[in-house]
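Per TrEMBL, these features apply:
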- 29-48: transmembrane segment (TRANSMEM)
- 30-173: domain 'DUF4131' (DOMAIN)
- 55-73: transmembrane segment (TRANSMEM)
- 217-471: domain 'ComEC/Rec2-related protein' (DOMAIN)
- 237-258: transmembrane segment (TRANSMEM)
- 270-286: transmembrane segment (TRANSMEM)
- 334-351: transmembrane segment (TRANSMEM)
- 371-392: transmembrane segment (TRANSMEM)
- 412-432: transmembrane segment (TRANSMEM)
- 439-456: transmembrane segment (TRANSMEM)
- 462-479: transmembrane segment (TRANSMEM)
């Protein structure tokens, strides 16, 4: 802890946020916690021997209390207006969301009697694209976002509530009026929207290529089709499509290189500082994603150390990034993107050097590139493995090989895509350039699809509890000791964590095998009845046309939550409202 003070403070602050979210302390309890924090901070300044030795612990207690109080302030629910199911309202858009088969979706701020509130708006695809230059008026059908009645399903209402969004809205038509003045943030969003529109105007690019270009440079994945998303996910390459730390580092390198070619070497410090300013402007331009902000802060801290002629510290930079993000919005701690981004960096920090030492020194630049690509992707995969399996219940044994093949190509693809975005944004659509870029991206997507379609070594529907995830993380922590230097003591620690993991897993599996349950499930207007017995689940579904959606959002989540070995789906009439099973009546809800 003494060596990594900043990182320990980040962990303490995060723990405070988590405790407040878990327990929801009352105002009286918060007063006691705040008093404890103030006392611990005051004791730091006392020059008593035993207090001096415990200053780091006192500082961590203060940050834990600070995290609790900060999350309480960020979690206060604003007073919502009383709206009817149909309201003629004025609204503006905040951001575009992923489209569905029938509708475009936006996050909006609507105004009811001058009181603003946020909602998720769905509008028909044949309506014009909404922008940031206008206010819109429409008769909106408004419904409160409700948590799922099934505790095993993703709680979309809770997810949106963390962003202060409590309503869903539907609009059939729109009227618009120009805004008298745009804020700087709205101007940035509008410029980004116009740039996205210019890319869409290039009809020489296929729809897949346009969607890929918008996603990899401008962080707009709203038009990426389901098959492409599935291929990236199954191959373990989702981070390639999302704007991540590697993207920011490469784009920073391009900016720095271009500035270095035009500015004399004696102004190197100025070039670094101006490059950092531009990369922060770029982060603002594409929307302040967690991984983007984390990368920008870490780059800034890293080059701050370089300019001050001090050795850069990865964990210090990571801790400053985490504290900076969470102090602005503590809800980010519960974002999967935030957790994956930080765990990937921790994985690289913890495993990269030990894995490199397992291989002979590279003899040339190509070997060095391949080795570092392999070790960094392996380290990042190990770091994110517990979180990936916990949230997505899948893992691909081919992901490391896929990363080894694809990542060396991605540096060139990201640089080229960044330059193509500038060219297309200026309205330049040369046929030969568009054809070459389209061919390259199609080839890349084919390669990713090849890895994504390999069934051997792809594991899905993996049940993993919080306890199993924690023990798996501990097991990975002990693995490093073996990689650095094999010792029996380290080996025994690793084996103990392995046995503990499988002990917990077997206990949960045995208990789940003996569970018996018969119940109704509701997914919107579709009724589903299920029977769980000896690790098998039988479903009776009333909507055959909606079966694929039901499997994704209801059936598989239930099977995973019950740790069932298999399931079968059968059809039933929509008119059935009651089932008698083992002499017991089950009326539909």
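For all residues, glycine too, the Cβ spot is worked out from N, Cα and C.
Here the domain 'DUF4131' (30-173) has, by DSSP, the following mix of helix, strand and coil residues: 46 helix, 49 strand, 49 coil. For the domain 'ComEC/Rec2-related protein' (217-471), the model's pLDDT averages out at 92. Outside the transmembrane segment (237-258) by six or more residues, the chain places 212, 215-217, 219, 221, 224, 228-229, 271-272, 275-276, 278-279, 282-283, 286, 289, 291-292, 294-296, 298-299, 337, 340-341, 344-345, 380, 399, 402-403, 406-407, 410-411, 414-415, 418-419, 448, 451 with a CB less than 8 A from a CB of the stretch. Here the transmembrane segment (29-48) has Cβ contacts under 8 Å with residues 55, 58-59, 61-62, 64-66, 68-69, 72 of the same chain, all six or more residues outside its ends. Listed stretches 55-73, 371-392, 439-456, 462-479 were compared with the transmembrane segment (334-351); the greatest number of C-beta pairs under 8 angstroms is found for 371-392. When Cβ-Cβ distances under 8 Å to the transmembrane segment (371-392) are tallied for each of 55-73, 439-456, 462-479, the top count falls to 462-479. Listed as Cβ neighbours of the transmembrane segment (462-479) (distance under 8 Å, sequence separation of 6 or more from its ends, same chain) are residues 350-351, 382-383, 385-387, 389-390, 393-395, 490, 493-494, 497-498, 500-501, 504-505, 508, 560-561, 563.
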